[in-house]
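J.: From TrEMBL, for reference:
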{"type": "ACT_SITE", "residues": "D148", "note": "active site, charge relay system"}
{"type": "ACT_SITE", "residues": "H215", "note": "active site, charge relay system"}
{"type": "ACT_SITE", "residues": "S559", "note": "active site, charge relay system"}
{"type": "COMPBIAS", "residues": "207-216", "note": "compositional bias 'Basic and acidic residues'"}
{"type": "COMPBIAS", "residues": "217-227", "note": "compositional bias 'Low complexity'"}
{"type": "DOMAIN", "residues": "26-104", "note": "domain 'Inhibitor I9'"}
{"type": "DOMAIN", "residues": "139-616", "note": "domain 'Peptidase S8/S53'"}
{"type": "DOMAIN", "residues": "382-474", "note": "domain 'PA'"}
{"type": "DOMAIN", "residues": "666-766", "note": "domain 'Subtilisin-like protease fibronectin type-III'"}
{"type": "SIGNAL", "residues": "1-21", "note": "signal peptide"}
Amino acid sequence: MNSFSTFTLLLLLLLPILASCHEKQVYIVYFGGHNGEKALHEIEENHHSYLLSVKESEEEARSSLIYSYKHSINGFAALLTPHEASKLSELEEVVSVYKSEPRKYSLHTTRSWEFSGVEESVAPNSLNKDDLLMKARYGKDVIIGVLDSGLWPESKSFSDDGMGPIPKSWKGICQSGDAFNFSNCNKYYIKGYEHYYGPLNRTLDYRSPRDKDGHGTHTSSTAGGKMVPNASAIGGFASGTASGGAPLARLAMYKVCWATPKEGKEDGNTCFDEDMLAALDDAIADGVDVISISIGTKEPQPFDQDSIAIGALHAMKKNIVVACSAGNSGPAPSTLSNTAPWIITVGASSVDRTFLSPVVLGNGMKFMGQTVTPYKLKKKMYPLVYAGQVINSNVTKDLAGQCLPGSLSPKKAKGKIVICLRGNGTRVGKGGEVKRAGGIGYILGNSKANGAELAADAHLLPATAVDYKSAMQILNYINSTKSPVAHIVPGKTALHTKPAPFMASFTSRGPSAVAPDILKPDITAPGLNILAAWSVGSSPTKLDIDDRVVEYNIISGTSMSCPHVGGAAALLKAIHPTWSSAAIRSALITSAGLTNNVGKQITDASGKPADPFQFGGGHFRPSKAADPGLVYDASYQDYLLFLCASGVKDLDKSFKCPKKSHSPRDLNYPSLAIPNLNGTVTVSRRLTNVGAPKSVYFASAKPPLGFSVEISPPVLSFKHVDTKRTFTITVKARSDMMDSIPKDQYVFGWYSWNDGIHNVRSPIAVKLA
């Protein structure tokens, strides 16, 4: 009897292990690129043969195939057991096999263009012929591909009046679907999502490229939306001309992000590996010139298991510029997404526009806040409480001030202004909870990490957001006053505010956890409180209790800064159609600005000096990037050599890594990162003249604290356009300053080339071993 009981127990323990061995999940099997010798049907048959080698029947092999990547990317997505995936990974021709993880990727949720030096609020005939938009013909017929949550085709920002015929370079098709016909001409990718979650709930999202979220409409109109006069957010905030960076560019939306079941839209969408890889493969074949991707991972991913990095490398091979968001996981270090050197990685900063809404306390103290809330309080004082004073009895102490759903007591909160603190939950969700509990108004107080950065939201009741110091003083007033009262002054738009730009606290920081020898992010662009088009199928807060409909909305994130750079890249493509994607990235980085509008170094949200791990080369200046003088160019082979040096040997099976070892920092990149300096490091860089012939450039450097930087030769002459010249940079710790070098910390500097007209500047980041 005992032996039978033991056997039964052992079987019960083994059952979950046996089940997991046979549990099928979606895996991507990646072979590298196509050589162009096979027809599309032959490629799919070839992929099917690999599945047949691990499956028990022809029927099972065919039914398990989700995507066959047939254009530039060679690989497939299929339902496999871990054992089947392991068998395929052992094949010599297979580069990598990796599992599609749900929630691995998520969205990184018009003054901005004017502030960046691309004037869009004037009539075309009043522009100087040297103006960037005129030179670029407004980006006419450059095609920008956007991977996102879809778009709202009826938005005025997407009007094609006067656009002329579709460019001959476009080779794509148009997909129809829910509330979307062929004439709307975009695509959607849902197979990976539906394999995991089952059939799409059509009340949550459209099974078509139509956007029911708002995010994709916002990003795509930021990159290439038409000029729309008299646009504003709800309540008339940010009124003016809304425009994308390249207003006559063509937009191709690839919908890859979908509503997550059983979660509110305010918490974001989900985007699957296999769907994004299919979209990127199609975008390359469709003939896009630029790809903008405001999507990233929660955790750093190795390049051979990162679908965005893989797809972007194939895009780069076809000379397509790829811009990606850096992520919203700041201010902690090493939180970046999308750090591959063939991607332009974009951080987020502010513009010189605010939405002022002060809080006035009963003792006369006034604290400046920001809001884009259209609702107003009567001109009188209201009772003021801290959320922790009006919570239900079941709320734990650590969540007392967070205003999470169901946490506030209507009996205690009714008729009062409630101050909630940032931390857990969403900003708009906290306001929704105050409204549910009968609060008359809402103050959102920053956490210490958020500093002075204020994200303006269209709340459902009178509300404003205040910085950390103000929040602490308001709490002190509440705790020291018998009957605290306050008033929230209605918001108003203010222009030319100073200092600007400053770095958003949410923007993810370097150094790169995947490739520390590449300085990332590359650049920063406007991402805080950005106005752009919105989906009529959504609401300004995305909360399910919000039934308001808007055509334009103000939101924040590196999702908003990325399409600014995508739009700028489209303008540069229009002016310089033969430039490589590396040349365009170099032009943007080396021409970027380091100072704010009061002439001082760009700061973080708390007013402390920011550094290249926040802003890369600096704040983007598209007009300067159009004439950079010199560029640091790089080829597809250069990136493969970089991968070899980084230990990724077989991302392209046709390329053999050299026997002589290289360092990843040998890549001809427009910046320099040295993560573990031991003694002296010398690197080589190559410059290409894209300015005037017979140019002479002189080197200068601002060394990082405690280090010396020597550039040799210090003078470079370029006889012709496209002339190339090589130089070396030698960095070493100064023996007389060893005590001043911070231990286990990066220090930053710059080196530049100047001909009296152009200043080609590159950032340096160094840390001692």
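Glycine is no exception: its Cβ is also placed from the backbone N, Cα and C atoms.
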J.: Report, as numbers and ranges, every residue of the chain located at least six residues beyond the compositional bias 'Low complexity' (217-227) whose Cβ falls under 8 Å of a Cβ in that stretch; write 'none' if there are none.
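T.: Distal contacts: 112, 120, 139, 144, 146, 148, 150-152, 155-159, 211, 241-251, 253, 290, 292, 294, 530, 532-535, 553, 555, 559-560, 562-564, 566-567, 570.
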J.: Could you give the number of helix, strand and coil residues in the compositional bias 'Low complexity' (217-227) as assigned by DSSP?
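T.: Residue counts in helix, strand and coil order: 8 helix, 0 strand, 3 coil.
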J.: Please spell out the DSSP helix, strand and coil residue counts for the domain 'Inhibitor I9' (26-104).
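T.: So the domain 'Inhibitor I9' (26-104) is made up of 30 helix, 25 strand, 24 coil.
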J.: What does the structure give for the C-alpha distance between H215 (active site, charge relay system) and D148 (active site, charge relay system)? Integer Å is fine.
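T.: Cα-Cα, rounded: 7 Å.
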J.: I'd like the number of other C-beta atoms within 10 A of the C-beta of H215 (active site, charge relay system), please.
T.: 30
J.: Would you mind giving the whole-number mean pLDDT across the domain 'Subtilisin-like protease fibronectin type-III' (666-766)?
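T.: Here the predicted model's pLDDT, averaged over the domain 'Subtilisin-like protease fibronectin type-III' (666-766), is 95.
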J.: Within the compositional bias 'Basic and acidic residues' (207-216), count helix residues (DSSP H, G, I), strand residues (E, B) and coil residues, in that order.
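T.: Residue counts for the compositional bias 'Basic and acidic residues' (207-216) by secondary structure: 2 helix, 1 strand, 7 coil.
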J.: Would you mind splitting the domain 'Subtilisin-like protease fibronectin type-III' (666-766) into helix, strand and coil residue counts from DSSP?
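T.: Summed by class, the stretch gives 7 helix, 60 strand, 34 coil.
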J.: List the Cα distance (Å, whole number) between S559 (active site, charge relay system) and D148 (active site, charge relay system).
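T.: Between the alpha carbons of S559 (active site, charge relay system) and D148 (active site, charge relay system) there are 10 Å.
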J.: Just how many other Cβ atoms lie inside 10 Å of the Cβ on D148 (active site, charge relay system)?
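T.: 29, counting other Cβ atoms within 10 Å of D148 (active site, charge relay system).
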J.: So if I draw a 10 Å sphere around the Cβ of S559 (active site, charge relay system), how many other Cβ atoms end up inside it?
T.: 31
